Amino acid sequence: MFESLSNRLTGVIQGLRGKGRLTDADIEATTREIRLALFEADVSLPVVRAFVHRIKERARGTEVSAALNPAQQIVKIVNEELIGILGGETRQLAFAKTPPTVVMLAGLQGSGKTTLAGKLAVRLRRQGHTPLLVACDLQRPAAVNQLQVVGERAGVPVFAPHPGASPDSGPGDPVAVASAGLVEARAKHFDVVIVDTAGRLGIDDELMAQAGAIREAINPDEVLFVLDAMIGQDAVTTAAAFGAGVGFTGVVLTKLDGDARGGAALSVREVTGVPILFATTGEKLDDFDVFHPDRMASRILGMGDVLSLIEQAEQVFDAEQAEAAAAKIVAGELTLEDFLEQMLAVRKMGLIGNLLGMLPGAGQVKEVLEQVDDKQLDRLQAIIRGMTPQERADPKIINASRRLRIANGSGVTVSEVNQLVDRFFEARKMMSSVLGGMGIPGMGRKSATRKSKGGKGKKRARGPTSPKVRSPFGPARPGMPDMMNMPPSFPDLSQMPDGLNELPPGLAAFDLSKLKFPGKT
């Protein structure tokens, strides 16, 4: 969503590099470009004016004039001001001292409230809570049924005493349903109640009155206004009107994966004064994240979001499996079965293009990322699943006739099977040598033994191999699939620009080796 803004701001930053001293003309030109970039992103006019004014004042102050690298100091100022308009610190959901915690969802029709209710319930359930969904949208046809479907997918019970709007039933009372849902939660010991309310095509008196009545009846701990980030300044106007009429404690931005300009996300916090709590980036129940202003600012400035990428990996990779895979890599015994498990885990993290987009400098290779096709991973998965357990455990036994059978069974060509097998052997060899060079215990002795055995003049047969390409991601981490083991149609990631192998400014001292995975002490 922020691609256009990110490209413009990145261009402004690059234009400052190499300048030892910034003149007033440089500052004026820089702030003018920033102003135009924000206007193009559909950011609210008052927000743009205040943002640019603060940058200009700080750029002319002593923190820039006394800096050893004034250009880098400007980047720091822009980053800090972006974090400021996005909310500053990360705001977590506030839980009641005495359960149940009541969360009320409000917003316009089509903003994604019902789907968000399921996403929030899944997140809370994984954190050990026992949520209950309450269906109070009794006006939109099939709204209650939709929430029941979402609740079933999320594995969370739904309280729906009224079927909702239909020719066979009269109008229901959402206030009574909300109150009854709270009684149900207390009786059955649910510790979180998520109330899904009705939306409108626009703010009107009826919407305000109904939302106000529900809020007064259940006294929620959190009122989250669900905002469609793709509708631009209308979203900010709507949020401001709802905040003045009913009030809310937090904002949830939906559809951040869309191609809109994203000005609403940069404006809503500054205009309403209410923090952004969550953001959604897709329709799946897992496409839901806590909103981190600092990480979002880092992504907008093209510095990536490495910490979010690490957190996603922590959620899908099991610590014991990661250690077992690392041991197999060290011993040179990684199998295609292990590779399949790793690939499936990566798929759980989301689209490959989105994951690569979290890396620093990814905005500079937009065309390359657009070529990444997740369907190629499906073809690799089909090839491996077409093998017998013995062939996955020992790919060396896959001869020509077996490769033909695998190709016919998985719907691919023999050439694709050959490429997968050959590249797997090459990647396994590379990972073993890399880990050995990192001082992994036992690797040095094992390598020396192999070398001495191979010094008797015996030549090993070798099949066709693919050209060796240095991975821009460095050595494969334990439990993570090696990015070298990609299908031939993937772009050449070795041609990516400098910066992809670096953490954003301020995170340079972050030691990935000290990261603790779940269940690991």
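Residue positions begin at 1 at the first shown residue.
Quick reminder: no glycine exception, Cβ is built from N, Cα and C everywhere.
Residues or ranges marked as GTP binding site in Swiss-Prot: 107-114, 196-200, 254-257.
The compositional bias 'Basic residues' annotation in Swiss-Prot covers 447-462.
Among the features that Swiss-Prot reports, region 'Disordered' is placed at 436-505.
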Given the binding-site residues LYS113, ARG200, which one's Cβ is surrounded by the fewest other Cβ atoms within 10 Å? ARG200
Within 10 angstroms of the C-beta of GLY110 (GTP binding site), what count of other C-beta atoms is obtained when all protein chains are considered? 13
For ARG200 (GTP binding site): DSSP state (helix, strand, coil): coil
